[in-house]
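Since the structure comes first, as structure tokens, the remarks are kept for the end.
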């Protein structure tokens with residue numbers, strides 16, 4: 001009798017564990033699905049599209065047919081540009097750019113262009129012809145489409161433009177207008193005035209409204225707040241209000257907002273993901289304003305700083321308590337603090353890698369005299385395709401470009417252990433690690449189905465994902 005009771009309890013426990021496992025997997029799938037269906041583009045991309053300068057305006061159907069019959073077609077599978085047809089000049093090469101999917105079977109179609117955030121397994125240009133090269137533009141962090149950050153998925157593409165320095169067109173400096181923006185002293189406040197302002201301001205400012213991202217930054221900042229005062233203006237850990245006229249995300253680049261932040265000695269610059277070369281305005285903004293960024297994000301950020309002593313690197317401190325003690329030390333000692341501002345006062349950017357990246361890139365940021373990075377991406381693919389067209393006319397040998405895992409790669413997200421085990425934190429914070437693990441299976445399933453080279457359904461895709469568990 002005892003054995004039967006024990007056996008019954010054992011099977012009930014097993015059933016309960018299996019049920020919890022399925023529940024967790026279902027939650028991960030739901031959350032990933034939300035990101036998979038995400039339709040909103042970053043404001044940066046939207047603004048860039050408004051600035052696009054086409055060689056020719058959209059033409060009548062008859063003229064479009066004439067153009068596409070004479071030039072290689074670059075088909076945007078993601079409707080990023082919104083252009084039904086445009087002839088683009090790329091140096092001495094010319095290509096026809098369109099979002100019209102009816103051109104997929106056209107013999108002049110040579111490249112399919114994807115925007116990573118919109119890359120969706122629901123509809124892919126399959127079967128993939130041997131003459132079709134795939135190109136990926138993805139400037140975002142992994143939270144927008146995790147599956148692309150694994151070797152089986154990223155290597156499906158021939159051409160890439162990502163935040164990684166290893167991609168074919170690196171976008172590492174995408175949030176920096178230029179070297180002059182770093183050197184500018186328009187918002188610089190003297191240390192003497194900042195010391196006076198400290199009577200009503202905390203030493204640190206934090207501005208985030210995207211809470212509980214893969215980097216788990218809010219957990220770290222929450223712990224840091226136990227040891228040093230932080231003025232938090234965003235929705236995350238909010239404790240201080242901005243003036244009503246700038247209390248909107250659209251005002252993040254407003255001069256009044258910059259004047260407010262420029263009054264702080266230190267600004268917390270925490271990325272939403274920890275990936276090499278993934279560096280955003282969170283780093284560049286305090287550097288441009290003359291504040292000291294307290295940075296957490298790209299492990300190799302020192303490769304991109306304007307000076308060896310221009311930012312405080314969070315990863316160098318074993319605990320937020322130690323970081324707080326160091327910031328307090330600088331806050332009380334003007335001589336030590338000014339060592340982090342010296343480069344700014346003298347306009348001395350001595351990082352050769354940063355200087356080269358800015359001066360040699362083929363695109364500009366908020367600069368109407370230069371191509372934007374989407375134009376540059378289109379032209380990179382266009383030039384490569386045209387080069388192969390010429391090589392094929394001369395003989396059978398053509399160039400083959402391929403992405404490798406370094407073109408888009410991030411480690412698994414980790415959470416900080418400062419919080420108690422049963423702390424009532426959001427489920428989003430706990431979701432990123434299982435999402436990352438599942439995305440490995442998704443990347444593998446995607447690769448398998450694409451190599452099969454015929455259309456597939458979402459049911460087939462998810463069945464294969466579960467098969468890989």
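Note that Cβ sites are derived from N, Cα and C of the backbone, with glycine treated the same way.
For 1-9, the entry in Swiss-Prot reads topological domain 'Cytoplasmic', with the evidence type sequence analysis. The transmembrane segment annotation in Swiss-Prot covers 10-30. Per Swiss-Prot, the feature topological domain 'Lumenal' maps to 31-469; the stated evidence is sequence analysis. Swiss-Prot lists 100, 158, 308, 333, 455 with the feature N-linked glycosylation site. What Swiss-Prot lists as disulfide bond is 379-382, and the listing cites similarity to another entry.
Overlay of Swiss-Prot feature records on the structure.
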residue : record                      : Cβ contacts under 8 Å, 6 or more apart
100     : N-linked glycosylation site : 75, 84, 85
158     : N-linked glycosylation site : 111, 133, 134, 135, 400, 401, 402, 403
308     : N-linked glycosylation site : 302, 350
333     : N-linked glycosylation site : none
379     : disulfide bond              : 88, 90, 91, 93, 362, 371
382     : disulfide bond              : 72, 74, 88, 90, 93, 94, 95, 111
455     : N-linked glycosylation site : 124, 126, 127
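Following the DSSP three-state reduction, the secondary structure of residue 333 (N-linked glycosylation site) is coil.
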